[in-house]
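Here's what Swiss-Prot has on this protein:
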TRANSMEM  22-42  transmembrane segment
TRANSMEM  50-70  transmembrane segment
TRANSMEM  76-96  transmembrane segment
TRANSMEM  121-141  transmembrane segment
TRANSMEM  149-169  transmembrane segment
Amino acid sequence: MKQFLDFLPLVVFFAFYKLYDIYAATTALIVATAIVLIYSWVRYRKVEKMALITFVLVAVFGGLTLFFHNDEFIKWKVTVIYALFAGALLFSQWVMKKPLIQRMLGKELALPQQVWSRLNLAWAVFFILCGLANIYIAFWLPQNIWVNFKVFGLTALTLVFTLLSGIYIYRHMPQDDHH
C-alpha cells in the first residue's frame, strides 16, 4: 500500500498532463503530494523525512511554476531532488564516515563495510546521472518527452538500479554454512 501511495502523485501528475496541461498537472501534483503526506500522518502517525523533503520541493518548485507560469521550475525540481539525494549519500560516506544506505538497511543486512561504501557511492552516482539526464531532457527536448521520461524513464531506471543493487547485495551476503 505504501509503495502505491509513493507513486500516486506521479500517476496523478501524468494523468492531468495528458488531460490538460503542465500547469494543471503541477497543481494536481502539489495537491496529491499533500494528500499522501496527510494520509501517511493520519494512518501511520509518521511522515518520513524524504516524503517531507519531497513535498516541500514539490510545493516550492510547483508554486513557482504556477506563479510565474513557467514550467522550467517544475523541471528543475527533479534534478534538485536527485542532487539532494546524492549529496546526502556522499556527505554520509565522506563526512559522517558511515554510508547512509548502511544506516537505513544495516539492521536488516550484514554486509562488509566495503560493500556498503560501494553501494552508497553507486547510488550517489546514479542520482547524479539521473539529475544530469533530467537537465538534458527537460531543457533540450519537447515538454511531452520530458513528462514521459520523468514518469516512465526515471521510474524504470530506478527499478532496474534497485534490482541490480539487490543482486549486488545478494552476491556479498554472508553464506550460510549449512548448505
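Each Cβ is built from the backbone N, Cα and C atoms, and glycine gets one as well.
Remember, it's a predicted structure, so these values are computed and weren't measured experimentally.
Within its own chain, the transmembrane segment (121-141) is flanked in space by residues 72, 75-76, 78-79, 82-83, 85-86, 89-90, 93, 99, 101, 149-150, 153-154, 157-158, 161, 165, 168, which lie at least six positions past its ends and keep a Cβ under 8 Å from the stretch. Taking Cβ pairs closer than 8 Å, the transmembrane segment (50-70) reaches residues 6, 9, 22-23, 26-27, 29-30, 33-34, 36-37, 40, 76-77, 80-81, 84 in its own chain, all 6 or more past its ends.
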